[in-house]
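To start, the structure under review is shown below, and the notes come after it.
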Amino acid sequence: MNTKIIDGTYIAERIKKDITQKVYADMNMGKRAPGLAMLLIGNNPISKIYIAHKKKVCKQVGFKSFLYNLPITATKTELLQLINILNNDKNIDGILIQLPLPDKLNDIKILEHIIPDKDVDGFHPYNVGRLCQRSPMLRPCTSRGIMTLLKWYNINTFVLNAVIIGASNIVGRPMLMELLLAGCTVSITHRFTQNLQVYVKNADLLIVAVGKANFLPSSWIKPGAIVIDVGINRLKNGNIVGDVHFPSAYKRAAYITPVPGGVGPMTVISLIQNTLQAYHAHVCCDSKKKIHFKKF
């Protein structure tokens, strides 16, 4: 089978160049640079790597990034107070909280405290609700990135039988809504699903997001399927692998994303796209183009 590797790194770079041109065109017209605030609580080394990468991309596209690194001892009240300040800062277009939060702060109300028009992660109930109502505004980044990959490779999703493995709020559930909008018949599986193999073997489009290295046996994959691997797992030898065993899955799939270099870069560039979208809503003089959000 002539399998095609879906190159998320290449596509993200192409989108990055387009965003950079738009940002500098706006700035040449006298507008300010887009601003992204990033909140990091504690010193989780993996989280610090992710934040550093996001800051790097912001600089590359002409955004201003603002890092707020709170100590692990920070209280919920302190975090909410900071979010309030950023909500009202006219130079900030997007606010993201680097997950996971410490257990004592792992409260959905913290994410909900970000006003919807600055929720560039797309996690606020308002933005999730807009997606459910077929009128998306700021969309969850990973699912948006996956849809961009499919579109870039001219993959027609209409009437495909899609299966999502993993029902998280970050990936699985928003992915379900995106695929419904794209005309798929969608099944979403989770830890209580019985006979997972039956679902997988019937999938034309397979999205795997469970966070377990080489979780999915390649023998389950339908020949000619489209395989999107969201997992990022570090093995004991230091290698990074996905939830799907790539070498064997490659022999069965028509399209497949590698790990790394597939979905990961698209998640970051989708965050940048959301921030640019929010920025244009905040600075655009044409009120017809503004995003109008309900105040929470």
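All positions are counted from 1 along the displayed chain.
From the backbone N, Cα and C atoms, a Cβ is placed for every residue, glycine too.
What Swiss-Prot says about this protein:
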- GLY166, ALA167, SER168, ILE232: NADP(+) binding site (BINDING)
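In this entry, NADP(+) is bound by GLY166, ALA167, SER168, ILE232, whose most widely separated C-alpha atoms sit 16 angstrom apart. Every protein chain considered, the tally of other Cβ atoms within 10 Å of the Cβ of ALA167 (NADP(+) binding site) stands at 18. One residue stands out among the binding-site residues GLY166, SER168, ILE232 for having the most other Cβ atoms within 10 Å of its Cβ: GLY166. When secondary structure is read from DSSP and collapsed to three states, SER168 (NADP(+) binding site) falls in the coil class. The secondary structure of ILE232 (NADP(+) binding site), as reduced to three states from DSSP, is coil rather than helix or strand.
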